[in-house]
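Participant: Straight out of Swiss-Prot:
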- Asn30: N-linked glycosylation site (CARBOHYD)
- Asn35: N-linked glycosylation site (CARBOHYD)
- Asn46: N-linked glycosylation site (CARBOHYD)
- Asn88: N-linked glycosylation site (CARBOHYD)
- Asn177: N-linked glycosylation site (CARBOHYD)
- Asn190: N-linked glycosylation site (CARBOHYD)
- Asn193: N-linked glycosylation site (CARBOHYD)
- Asn200: N-linked glycosylation site (CARBOHYD)
- Asn241: N-linked glycosylation site (CARBOHYD)
- Asn245: N-linked glycosylation site (CARBOHYD)
- Asn250: N-linked glycosylation site (CARBOHYD)
- 44-69: repeat 'LRR 1' (REPEAT)
- 70-93: repeat 'LRR 2' (REPEAT)
- 94-117: repeat 'LRR 3' (REPEAT)
- 118-141: repeat 'LRR 4' (REPEAT)
- 143-163: repeat 'LRR 5' (REPEAT)
- 164-190: repeat 'LRR 6' (REPEAT)
- 1-20: signal peptide (SIGNAL)
- 265-285: transmembrane segment (TRANSMEM)
Amino acid sequence: MKVTRFMFWLFSMLLPSVKSQASETEVPCNFSRRNYTLIPEGISTNVTILDLSYNRITLNAADSRVLQMYSLLTELYLMENNIIALYNSSFRNLLNLEILNICGNSISVIQQGSFVGLNELKQLFLCQNKILQLNPDTFVPLNNLKVLNLQGNLIRLFDAPQLPHLEILTLDGNPWNCTCGLLELHNWLNTSNVTLENENMTMCSYPDELKHDSIKSAPFTTECHSTFISTITEDFQSTRNSSFNSSSHNLTWTSEHEPLGKSWAFLVGVVATVLLTSLLIFIAIKCPVWYNILLSYNHHRLEEHEAETYENGLTRNPSSLSQITDTNSEDTTVIFEQLHAFVVDDDGFIEDRYIDINEVHEEK
């Protein structure tokens with residue numbers, strides 16, 4: 001029992017502090033019904049909730065520059081002003097904005113990049129304007145959008161928005177044309193988990209036979225379904241081809257223009273070092289062999305040159321060849337002089353007196 005009381009007391013003590021912290025983080029500023037034509041610049045930059053409703057603000061370029069000063073805004077209310085168009089990057093610096101209400105203006109044009117930068121936006125109210133058509137790509141930056149209100153405009157056809165977190169969609173009060181052009185939205189409403197607000201009031205205005213039907217339950221003709229299927233097939237093929245072409249183009253562009261990263265630079269350095277080292281080793285091994293081949297080639301060329309020179313000399317001086325031949329023959333001729341007379345013995349043998357004299361001397 002004491003523990004329970006202590007827990008209640010602790011909770012009661014912490015609750016006021018939590019409320020005070022929340023009140024400290026929220027800084028509201030109410031400038032509604034001030035007859036302003038421009039967004040004031042003297043507001044604290046810490047403002048988180050800004051109400052500028054029921055003025056004469058047009059949200060021109062000057063207003064967009066002033067809005068950039070209030071980057072901490074989480075809620076912005078611009079109802080019942082004189083805004084006729086939303087231009088590209090009108091809210092580009094409001095990175096924390098979660099609620100944007102621009103109902104009750106005269107907006108007829110919404111450029112494709114109007115909501116760039118509103119990545120945290122969760123609720124968007126564009127009701128009671130003069131919007132005729134919307135590019136579905138306009139909502140692409142709104143990845144966290146949960147509530148979209150397009151009530152009371154002049155929209156006749158509308159493609160299914162690519163909003164992954166959308167929960168509530170309000171479309172009543174528009175002159176919907178329930179022909180084949182609206183079949184995609186019709187199928188999307190019946191297959192997605194999005195809740196169509198005021199479904200029984202979101203009625204077809206054309207054709208006459210469908211005026212009492214909701215756009216979600218209207219019976220579309222068989223021709224519309226067949227046309228829709230063929231359109232999906234064509235879109236898929238074109239998307240696949242364009243994706244392949246764009247990917248190949250991006251790959252080519254990247255390979256040609258994208259700077260190499262550190263890993264590529266390191267890899268190139270390693271390869272260059274290995275190639276240079278291999279080249280040096282190859283040169284060190286092959287240099288002696290190449291030197292011997294070059295030396296033998298030079299020696300061979302030298303011998304050929306001497307032989308050619310010798311032959312050329314002989315060809316030019318044939319007389320010298322005869323002289324050299326005569327000289328060589330004289331030098332190599334050996335003339336023996338007969339010092340002793342040979343005596344023919346009775347037995348038919350020739351006696352050499354030189355031998356006999358030597359024998360006599362030996363006997364003596």
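The first residue you see is number 1, and the count goes up from there.
Quick reminder: no glycine exception, Cβ is built from N, Cα and C everywhere.
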Participant: Roughly where does the repeat 'LRR 6' (164-190) sit in mean pLDDT, to the nearest integer?
Facilitator: 95
Participant: If you count Cβ atoms within 10 Å of the Cβ of Asn193 (N-linked glycosylation site), leaving out that atom itself, what do you get?
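Facilitator: Its Cβ shell of radius 10 Å holds 6 other Cβ atoms.
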Participant: Compared by Cα position, which of the glycosylation sites Asn30, Asn35, Asn88, Asn193 is the closest one to Asn177 (N-linked glycosylation site)?
Facilitator: Asn193
Participant: What is the separation, in Å, between the Cα atoms of Asn190 (N-linked glycosylation site) and Asn88 (N-linked glycosylation site)?
Facilitator: 32
Participant: Can you name the far-off residues of the same chain, 6+ from the ends of the repeat 'LRR 1' (44-69), with a Cβ under 8 Å from a Cβ of it?
Facilitator: 25-38, 75-84, 86-87, 89-94, 96
Participant: Whole-number Å distance between the CA of Asn46 (N-linked glycosylation site) and the CA of Asn30 (N-linked glycosylation site)?
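Facilitator: Taking the Cα atoms only, Asn46 (N-linked glycosylation site) lies 14 Å from Asn30 (N-linked glycosylation site).
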Participant: Can you tell me the CA-to-CA distance separating Asn200 (N-linked glycosylation site) and Asn35 (N-linked glycosylation site), as a whole number of Å?
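Facilitator: So the Cα of Asn35 (N-linked glycosylation site) lies 38 Å away from that of Asn200 (N-linked glycosylation site).
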Participant: For Asn190 (N-linked glycosylation site), just count the other CB atoms lying within 10 A of its CB, please.
Facilitator: 10
Participant: With an 8 Å cut-off on Cβ-Cβ distance and a minimum sequence separation of at least 6, pull the same-chain contacts of Asn88 (N-linked glycosylation site), or say none.
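Facilitator: Non-local contacts for Asn88 (N-linked glycosylation site): Gln111, Gln112, Gly113, Ser114, Val116.
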Participant: Which sequence-distant residues neighbour the repeat 'LRR 3' (94-117)? Criterion: at least 6 residues beyond either end, Cβ under 8 Å.
Facilitator: 48, 67, 70-88, 123-132, 134-135, 137-139, 141-142, 149
Participant: Taking every protein chain shown into account, which of the glycosylation sites Asn35, Asn46, Asn177, Asn200 has the largest tally of Cβ atoms within 10 Å of its Cβ?
Facilitator: Asn177
Participant: Measuring Cα to Cα, how many angstrom lie between Asn193 (N-linked glycosylation site) and Asn35 (N-linked glycosylation site)?
Facilitator: 42
Participant: Provide the three-state DSSP residue tally for the repeat 'LRR 3' (94-117): helix first, then strand, then coil.
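Facilitator: Counting residues by DSSP class gives 0 helix, 5 strand, 19 coil.
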Participant: To see if you understand the setup: which same-chain residues, six or more apart in sequence, place their Cβ under 8 Å from that of Asn30 (N-linked glycosylation site)?
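Facilitator: In sequence order, Asp51 meet the Cβ cut-off.
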Participant: DSSP on Asn200 (N-linked glycosylation site), three-state: which is it?
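Facilitator: For Asn200 (N-linked glycosylation site) - judged by DSSP and reduced to three states - the answer is helix.
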